[in-house]
Amino acid sequence: MSGKYGATDVNGTTCDIQEEIVVDNEVDSSASYKRRWWRVSQNVLYGLGHVYNDLCAAMWFSYMLLFFQAVLDMRAVVAGAMLLLGQVVDALATPVVGVLADKYGTKKAWHLTGCILVTATFPLLFIRCWGCWFNENTQYLYWWMPLYYAVLIIFFQIGWAVVQISHLAMIPSITDNLQVRAELTSIRYMASVMSSLTVYLITWVVLRATTYSTFISQTDDYKFRDVSLIISGLGVISFMAFHLFFKLRREDKSGKGAPVVQNGNGTFVHQDNEAAKLPAKSKIMYFLRMPLLYQTSLLYVFSRLYWALSLVYVPLFLEERLSVNPSAGSELVASVPLVLYISSFFFSLLLKSKINSFGNQVVYFIGSCLSLGSCLWIALAIDPEASIVQIYMVATLIGAGSSITLVSSLCVTADLIGPHSHQGAAIYSIVTFADKLVTGIAVVAIQNYKCDDVVDCPQYYRGVLTYACGGSAALGILSLSLTKLISIKTKPEV
């Protein structure tokens, strides 16, 4: 690993997490190897901490609407409202968790609490509720089914937000070295990609191993139940391993640290002045008054919106395509997202070593261009008769664009926080707040405009992937351009 695992002082000296280690030419090579192995193993263990959330997110975004609409026969607008509810609860819980996690307890304690809440609720989201079969007397299902799943969604999303914010906030607590932070962010995303790959692989195996069907129907509820239970088991193992073996240095809640400005190259420079002596509450206000915070939030929002809409609507697009060209069968809704995430994993590996060479903003621009290119491809070439090879190629492009923009936007956020690890949870909650609301509102709007009769709009979800996802990528490029222009005008003297 190219960076040191620990805090970096103003002179670039690195301190180890456990104790200060003085390295000289006489240090035994075996001791050096052990320290290196410790840093690598801790990085990998850190990645395990968000695996359960990533498993749930892949299932939530990719198959929740499909399960509600195709299996539970829920109306499209009601299913969209369920997703909006989850996103709103997640968004509202995020800042509350961010403030409380910085003040009370430890990041690992908050993380464990969230994992327990997720475990208690997530599997039930993909199991048919008691009495939720449409028969002669189904009037009560129009209120009972949404109420039942709404309660589960509320508690699940609160737990998910707790895990996400506490895990993200550990990055600044682990190290002040910006290069190591970039590596940790890449490892975190690689773990996310591996988790999503696992979900799609399990789904593909379950769909192939059970009774074959061309379309997803009400009788396929047991398939979603089995997938959710397998995923929950893997998630429990991952977060238990994280809490047993990952060691986080003692958190500093003193509020010490230098404020941050952006230089002309798009990186962040921390300066020592009177603002560094502000109390914690004033420091939050200091960050809230920074235009860079909101510029960074926009980059993250549009990268997440592209990612989320792709996850939600690629399976629905494939299901829609099967009504015209059913030759591939229902397992296509798992194999195409699987290819998408293999591409994401490859590019996240590439970013791990190359992101610092180009700069976060340049990398974000490249990822946004790839994302926009995939949407144009869908608009121009992916009609119902398009070959499966073309669909897989577009999925590869979507995976590349989403991984590049997500990793680079999180690296920009970590750079913004700098040495202010005691405010890490609050800042991450601010940055991630808007994306959850925007995603939920976008899905509800898309579902609301969907035709009741498929004949009236046979390629509706193709249009969604073209215009909604393409618009997200274009807005990301626009936000990046504005950020660059503002940084040039307000370039500080370094």
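Glycine is no exception: its Cβ is also placed from the backbone N, Cα and C atoms.
Note that TrEMBL annotation is computational and uncurated.
According to TrEMBL, the feature transmembrane segment maps to 44-68 (among others). Same-chain residues lying 6 or more positions outside the transmembrane segment (44-68) and placing a CB less than 8 Å from one of its CB atoms are 74, 78-80, 82-83, 86, 111, 115, 118-119, 122, 125-126, 149, 156, 160, 163-164, 167, 170, 174, 184, 187-188, 190-192, 194-196, 198-200, 203, 216, 224, 227-228, 231, 234-236, 238-239, 241-242, 245-246, 308, 311-312, 314-316, 319, 333, 337, 443, 447.
The transmembrane segment feature in TrEMBL is assigned to 74-97 (among others).
If you look up TrEMBL, you'll see 109-127 (among others) marked as transmembrane segment. Through the fold, the transmembrane segment (109-127) approaches residues 49, 52-53, 56, 59-60, 63-64, 67, 97, 100-101, 149, 152-153, 155-156, 158-167, 170, 221, 224-225, 227-229, 231-232, 235-236, 239, 242-243 of its own chain, all at least 6 residues removed from its boundaries and within a Cβ separation under 8 Å.
Outside the transmembrane segment (147-169), and at least 6 residues removed from its termini, the chain residues within Cβ reach (under 8 Å) are 49-50, 52-53, 56-57, 68, 82, 85-87, 89-90, 93-94, 97-98, 101-102, 107-108, 110-111, 113-118, 120-122, 124-125, 129, 132, 188, 410, 421, 424-425, 428-429, 432. Taken from TrEMBL, the feature transmembrane segment covers 147-169 (among others).
Annotation source TrEMBL lists transmembrane segment at 189-207 (among others). Long-range contacts of the transmembrane segment (189-207) within the same chain, counting only residues at least 6 positions beyond its ends with a Cβ under 8 Å from a Cβ of the stretch, are 47-48, 50-51, 54-55, 57-59, 62-63, 223, 226-227, 230-231, 234, 330-331, 333-335, 337-338, 341-342, 344-345, 348-349, 351-352, 403, 406-407, 410.
Under the heading transmembrane segment, TrEMBL lists 227-246 (among others). Residues 42, 45-46, 48-49, 51-52, 55-56, 59, 63, 108, 111-112, 115, 118-119, 122-123, 125-127, 198-199, 202-203, 206 of the same chain, all 6+ positions outside the transmembrane segment (227-246), place their C-beta atoms under 8 angstroms from a C-beta of that stretch.
Beyond the transmembrane segment (292-312), the same-chain residues lying 6 or more positions past its ends with a Cβ under 8 Å from any Cβ of the stretch are 58, 61-62, 64-65, 83, 260-262, 268, 337, 340, 364, 367-368, 371, 398, 401-402, 405-406, 408-410, 412-413, 416, 427, 430-435, 438-439, 442-443, 464-465, 468-469, 472-473, 475-476, 479-480, 482-483, 486. The feature transmembrane segment is assigned by TrEMBL to 292-312 (among others).
The annotation transmembrane segment is assigned in TrEMBL to 332-351 (among others). If you look at the transmembrane segment (332-351), the same-chain residues 6 or more away from its ends with a CB under 8 A from one of its CBs are 62-63, 66, 186, 189-190, 193-194, 196-197, 200-201, 203-204, 207, 216, 310-311, 314-315, 318-319, 322, 363, 388, 391-392, 395-400, 402-404, 407-408.
Using a Cβ-Cβ cut-off under 8 Å and counting only residues 6 or more beyond its ends in the same chain, the transmembrane segment (363-382) has close neighbours at 299, 303, 306, 351, 355, 390-391, 393-394, 397-398, 400-405, 407-409, 412, 462, 465-467, 469-470, 472-474, 476-477, 480. Marked as transmembrane segment by TrEMBL: 363-382 (among others).
Feature annotation from TrEMBL assigns transmembrane segment to 388-413 (among others).
Taken from TrEMBL, the feature transmembrane segment covers 425-447 (among others).
For 459-482 (among others), the entry in TrEMBL reads transmembrane segment. Under 8 Å from some Cβ of the transmembrane segment (459-482) lie the Cβ atoms of residues 295, 298-299, 302-303, 305-306, 309-310, 313-314, 316-317, 320-321, 361, 364-365, 368-369, 371-372, 374-376, 378-379, 382-384, 398, 401, 405, 442, 446, 450-451, all in the same chain and six or more residues away from its ends.
Listed as Cβ neighbours of the transmembrane segment (425-447) (distance under 8 Å, sequence separation of 6 or more from its ends, same chain) are residues 65, 76-77, 79-81, 83-88, 90-91, 94-95, 97-99, 101-102, 107, 164-166, 168-169, 284, 287-288, 293, 296-297, 300-301, 304-305, 308-309, 312-313, 413, 416-417, 464, 468. Long-range contacts of the transmembrane segment (74-97) within the same chain, counting only residues at least 6 positions beyond its ends with a Cβ under 8 Å from a Cβ of the stretch, are 60, 64-65, 68, 110, 145-146, 149-150, 153-154, 156-158, 160-162, 164-166, 312, 425-426, 429-430, 432-434, 436-437, 439-441, 443-444, 446-448, 450.
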